[in-house]
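Asker: Mind having a look at this structure? Questions to follow.
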2 protein chains.
Amino acid sequence: MTHRPGHLILNAFLMSTGHHEASWRLPASPAGAESLSIAHFQQLARIAEAGTLDSVFFADSPQLWGDIGRRPAGTLDPIVVLTALAAVTERIGLIGTASTTYNSPYNLARRFASIDHVSGGRAGWNVVTTAGPAAARNFGLDEQPLHATRYERAAEFLDVAFGLWDSWEEDAVIGDKASGVWGDNDKVHAIDHVGTHFSVAGPLTTHRTPQGRPVIVQAGSSEDGKELAARYAEAVFTAHQTFEDTHAFYLDLKNRAVTHGRDPEGIKILPGIVPVIGSTEAEAQALERELDDLIVPRYAVAQLARTLRVSPDDLPLDGHLPADLPDEDEIEGAKSRYTLIVQLARRENLTVRELVGRLGGGRGHRTFTGTPEQVADTIQAWYDDGAADGFNIMAPVLPSGLETFVDHVVPILRARGLFRTAYEGTTLREHYGLDVPANRWTAARTPAATPAITQAATPATSPTASLATTGA
Amino acid sequence: MTHRPGHLILNAFLMSTGHHEASWRLPASPAGAESLSIAHFQQLARIAEAGTLDSVFFADSPQLWGDIGRRPAGTLDPIVVLTALAAVTERIGLIGTASTTYNSPYNLARRFASIDHVSGGRAGWNVVTTAGPAAARNFGLDEQPLHATRYERAAEFLDVAFGLWDSWEEDAVIGDKASGVWGDNDKVHAIDHVGTHFSVAGPLTTHRTPQGRPVIVQAGSSEDGKELAARYAEAVFTAHQTFEDTHAFYLDLKNRAVTHGRDPEGIKILPGIVPVIGSTEAEAQALERELDDLIVPRYAVAQLARTLRVSPDDLPLDGHLPADLPDEDEIEGAKSRYTLIVQLARRENLTVRELVGRLGGGRGHRTFTGTPEQVADTIQAWYDDGAADGFNIMAPVLPSGLETFVDHVVPILRARGLFRTAYEGTTLREHYGLDVPANRWTAARTPAATPAITQAATPATSPTASLATTGA
């Protein structure tokens, strides 16, 4: 592989007291609602920025997730969270999750444009289609729409959003006090989209944003999810347990992107890793054991039963998974998570108790337990061997696990020339090595306009710069 | 009237370079997109907070408003703006506008709850039904829904939102590390709303907010608008030209609130005022003239024609309004604005040129031109004589007009004992003198629960406090 030196991508996936479900029970963790407070997340973002990480990320669904007895539950709106983090950070990218199934494209495109403005070009949107009936019932539906319908809607949603983000050309604002002309109406465009799921006139309410549009992230690994990512995503978060699976996924996604006429460098693959770090292997293993011992089996089995669509009674702690589980095809939503869990249990012949221990750390993401040197080694190996453009860092305990990663793993990656020592750019696109997309209207006016795939490799400012004399 | 001393309410209505449409053309004003930047609004909020004002406020519609040639146009999402202001202020209330016609109640209730959390209890929501076909066409509709339908939907929307904001009782979060129980499932409630416009299961994603729910603001002055305000609003922004009209509106709204079983002190009436301030009367008049001379008549007449549903050709600059304008009943949306403009032109026999000059300052709100002493006098007179609980301050030029108000009018109001000298509370409810609503579930468990109207006057903490021993 030909990764550019120093361009390993590191994203910090943030979640209350950490990704291990029992992390909140550790003595040092905030116990109550403080673990969901904006002050807590602002502290985490500052730690990540001190480590020059590329971005922070939040998962989301418009529903109360799971059993509040089990662990810190309750999520602030991700738009509010990202904006509050933008206010206390300078450089780090800010990626939030929002549903294409339960939002309208006009409002959501507007919100991400607004975050891109207030953050100075640091916004990213993890596009999800939101599985499950619980969310559906908050939006007037008895059941979730079908998997294929949700993905079809997501694609049209993105087409509309891309149109809205292009609706103001870069030089639409003039501000000529002498003549009394503030803006150039000829450089603000309706989109007049009429499609299967949406009719949207446009233009957007706000002038073009620093990044042109937010970085598009995707995390579904079903067939539909991979196709959506191949067409639109610029970064993909993915959960795999083995190098082989991750490597195959990496090649598959890059090849699919090429099939859609895209540059494979324009889609970054970031597998998740839950690093359980100790200054010795024994210390790391002791931390992992301490966490697993704090899992309350009753809650964990109930969660597993929901994911597998079986009764908790079918999952005796010291038994194995039922033999007659449904095929992935029969599962509506979270398909890839379902398959990953079933395969993990079967491959390693795990009991239910062992399985919930394994899932308690990273909910299907790969847990890696070891010293900072060993964590750096596995990150480097997967990166060098072409299974990853970077990693989605899922600290099992927050803030301590992120502090340990920043203080002890990041310096090793820097010393090896894999990771930046200071931010070079100011936007998320610059951190990830992604180009600013050309504005379709500006491009159409440019005599030298070239096909889309080549345009994507053009420096962001050139279409505007070449038009500077024709503006206003 | 029996206004409590020191409890005049002052809200700063913020808008780009100011409420006068030509304000952006003044030499000191930012000319381009900076006037819409978050840094600009953060500066304005800090000025207002330095003056211990109660709140700042933003209007909004999910569409690009008007002609971008005419004046700074383009709005950031109000949720993003309020959150960004929360990060740089400590005490001032933060009121944003959001549409019940073009949002879903689950998502919007969640966003305002999130702002209330991150601001420490400073959120207010100006509830609007969004008139006009331009917004409708961004949401799959050819025309706006009928006026009555929009208000019916708004009422149901608020019922759902109130239910969601009550869905977590105050003491639902336990955080008991020893037993491994984080939250009490019995204190988190589905709402299972099934109505005409919405079906929403709940519960909300987040625990109860500092204010219980955001302060509900309303600004419609049509019959439907006044009824919605009388049932739900805790503050009402209103546009009138004369004391008599304002006083009549004030009494009407308070009486309607009583009819709905509410305490009239629980609904605050805040008329708009555009204060054009100079250290002498002549200086104030010179500023007003300078601004009016900068209006571009072509843009202003086009806007007036849209509001009146006539052709710009029907509005010769030195002629009068056409005699055969439609009745208010035939107008769908912005009914009260329409009537106000027509009445103003007819009452004062204004030419079109004179009318657009008058509207250029405050779009139908009352412009008052004079010295700080004179501005303080009119504020005091309307407050003392029972036409207002406070004012919606619409500086014609920003930031200078707000700075002048804070530096020169606020000290006079303080010296007269009408306005606070320092913040006493930390929440918007405390600033406005509004109680925290009782949680319906907690109230239902309380043996001493009393009817709704009396509960509203109960100190905010008592229902919770009385339950403290039964919790967890």
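These residue numbers are counts, starting from 1, taken along the chain as shown.
Backbone N, Cα and C atoms are what each Cβ position is placed from, and that goes for glycine too.
TrEMBL labels come from automatic prediction, so no person has curated them.
Quick caveat, the model's predicted, so the values are computed rather than measured.
Heads up, here are the entries from TrEMBL:
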type	residues	note
DOMAIN	A:33-387	domain 'Luciferase-like'
BINDING	A:Asp60, A:Thr97, A:His147, A:Tyr151, A:Ser221, A:Ser222	FMN binding site
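If you look at the structure here, what lies around each of the features I listed?
Answerer: Per-residue pLDDT, averaged across the domain 'Luciferase-like' (A:33-387), gives 94.
Using a 10 Å Cβ-Cβ cutoff, A:Thr97 (FMN binding site) registers 20 neighbours.
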Asker: For FMN, with binders A:Asp60, A:Thr97, A:His147, A:Tyr151, A:Ser221, A:Ser222, what's the maximum Cα separation in whole Å?
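Answerer: Looking at A:Asp60, A:Thr97, A:His147, A:Tyr151, A:Ser221, A:Ser222 as a set, their Cα atoms extend up to 18 Å apart.
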Asker: Let me know how many other Cβ atoms fall within 10 Å of the Cβ of A:Tyr151 (FMN binding site).
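Answerer: The answer is 21 other Cβ atoms.
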